[in-house]
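Below is one structure; the comments refer to it alone.
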Amino acid sequence: MAKRLPVYVLVILSLALTCTATTYTVGDSAGWDISTDLQTWEKNKTFDVGDVLIFQFSSSNSLEEVTQENFNTCNTTNVLKAYTNGNTTITLTKPGPMYFISGNKLYCLGGQKLQVNVENNQAYSPAIAPEAASGSNLPQPSSKSNLPTSSGVMLMHGGWGTFMSVSLGFIMAIVSS
């Protein structure tokens with residue numbers, strides 16, 4: 001067992017190193033604040049599915065996730081989600097634009113709003129099934145679900161590097177035993 005421990009550590013480390021999620025503190029050290037130039041902060045950043053945004057703000061401020069229309073008009077009355085706790089963590093779960101504004105309409109009108117364009121990162125997104133050709137005679141899908149059920153097993157998503165790391169780790173475990 002002691003001989004295998006370094007191999008197991010290597011496999012676990014290689015899995016951890018191949019995960020590509022990035023954590024961003026919005027506005028860096030200035031945080032989610034009216035004085036922060038959020039458009040400059042966002043520029044030249046690439047946001048992927050799986051990345052995390054951390055919004056840090058005082059109790060006199062708030063954060064709201066809104067539609068594009070409400071983003072453009074700083075409408076703070078019809079929001080998708082509202083956050084008021086001062087330290088809010090949001091995981092980007094799907095590709096496409098996301099819109100955030102201050103819950104204070106005057107702050108929003110003053111520029112405290114952020115649009116992030118989330119890109120589809122293949123390491124985190126499920127494969128999309130191809131569409132059937134029109135007029136094809138395919139059988140109807142069954143009611144049986146092919147989705148795995150919760151069994152306490154944590155699934156990690158990764159790319160080719162993860163596959164190779166795991167494969168090499170298992171080969172090394174077999175050879176060293």
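Even glycines carry a Cβ here, placed using N, Cα and C.
Per TrEMBL, the features are as follows:
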| type | residues | note |
| --- | --- | --- |
| SIGNAL | 1-21 | signal peptide |
| DOMAIN | 22-120 | domain 'Phytocyanin' |
| TRANSMEM | 154-175 | transmembrane segment |
Residues in the domain 'Phytocyanin' (22-120) grouped by DSSP into helix, strand and remaining coil: 19 helix, 36 strand, 44 coil
Confidence summary (mean pLDDT) of the domain 'Phytocyanin' (22-120): 94
